[in-house]
Amino acid sequence: MTIPVGPPTSGDRPAPVAEKYTDRVSWLVIGLAIAAVVILGVTLTSSPGAERASSPAAVAQSGETVTETIRIEGMSYQPNRVEIPTGSRLVLELVNEDNQPHDLTLNGYTTELVAPGEAVTFDAGVFTADTEGWCTVAGHRAQGMVFDVVVTGGTAAPPAAAATGHDMHAGTGQADGANPFAEVPGPAARLSAELDEQAWFDPVLEPAPTGTVHELEFNVTEEIREVAPGHRQAQWLFNGQAPGPTLRGKVGDTFRITLRNDGTMGHSVDFHVGEVSPDAPMATIAPGESLVYEFVARRWGIWMYHCATAPMSLHIANGMAGAVIIDPPAGLDAVDHEYALVGHEIFLGPEDTGADAERVNAGQYDLTGFNGFPNQYDLRPIEIDAGQRVRIWVLNVGPDNPISFHIVGAIFDTVFSEGRYTVRDGLDDATGAQVLPLLPAQGGFVEVTFDEPGTYTFVNHIMTDAEKGQHGSIIVR
Ligand SMILES: [Cu+2]
């Protein structure tokens, strides 16, 4: 294997060199030349390691080069720590034995994204202080994917703040603190806000399309969208929308979904309604790749789907979840309107990177919503006529918190949840239900007839979550 040795000759980041790199010979020549300079004892002041020492001129470089092989397994580097004499140069071979791409940023250098099964070798420069590295793929550092270089001997300086790596998003380490990224709009501000047309999500559920085979494309993109009034941030999307498209069919139908990854990181999809071995169809695919995920819907109800790439909490929080609705063989009872509400938490974050990984990891959400946006059905209510009967399907995609779905002024005469009716119109009309309770990934529907005109509010009856945005209006005329 060819190992280019030596720091970059300019301010550019050094080239991480894949084994497939085609220009090995010239690198070898450059590397040998620089190595010769090191051996001659010339201080390389352009080294980022030297730059970070408190007084670079005072630190004698050992001239030693330490080479280590680091394997990536799951969300960790193995080993995740290396000790080297102060002043020595560290060359790492990074072997990715995980099923999704990873990288390593260390000492100011970042490797290319290493695909599963591939390896890169890179020169991380000279170390004179303890230094933390990490994987820059979204959410991986928050999941513990860090790598420590510990220097021994000499007069190593204490690690500077910049070298610890905690400056990635200033202030985000305090998971219990205020969100540093944005002012969270209060309920009054949300109610007076103009709802961005792009953000509004039609809650009307269309009947299942005819035919028994549903061929669909799911294109994954990463886009900047409005996730709360006045707050735009990156989202990761199935077909450009959050939640993803609501699919509908009936028991016995075949769904053939072509998942294509047009994003910048690994993504995948897991359909809960599919009873299939997860190994191939739920695999994480790299940018530019695609796969076909086929299943036969054998059981009716409302089923979650979501990106299954780690950390799933972050991929779901960034918008990668949705619903599949399967009708029973004999069909459902007649209603005048059907709606679908996908409930979720909202984690604010920087515009360019989206939901903050550390806040997601801590379960610290800022807002909640149905269908992608807080309070959107207060801003633009659902409207029906008095005497009409509605069915509202509700799915909780979380990622973490339960929903207690309730409509102020209504009792549900019919509730279906997770494979059974708990109350049903015509079976015992002397009782009913006040909530549809849903843990994350659970779904169901309620049916209700609104006899009197008025404004009926639907909420997550976990009241602080209603106040964060899981709140909407049905106007009965
Ligand atoms: Cu994803």
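Along the chain as shown, the residues are counted starting at 1.
Including glycine, each Cβ sits where the backbone N, Cα and C put it.
Residues or ranges marked as transmembrane segment by TrEMBL: 25-44.
In terms of DSSP secondary structure, the domain 'Plastocyanin-like' (220-330) contains 6 helix, 54 strand, 51 coil. Per TrEMBL, domain 'Plastocyanin-like' is recorded for 220-330.
In this view, H315 (Cu cation binding site) is surrounded by 27 other Cβ atoms within 10 Å of its Cβ, with every protein chain counted. Annotation source TrEMBL lists Cu cation binding site at H267, H272, H306, C307, H315, M320, H461.
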Site of maximum Cβ density within 10 Å, from binding-site residues H306, H461: H306
Where the C-beta lies under 6 angstroms from ligand 1, the matching binding-site residues among H272, H306, H461: none
Across all protein chains shown, the one of the binding-site residues H267, H272 with the most other Cβ atoms within 10 Å of its Cβ is H267
Tertiary neighbours of C307 (Cu cation binding site) (same chain, Cβ under 8 Å, six or more apart): V220, W236, H267, S268, V269, D270, H315, I316, M320, A321
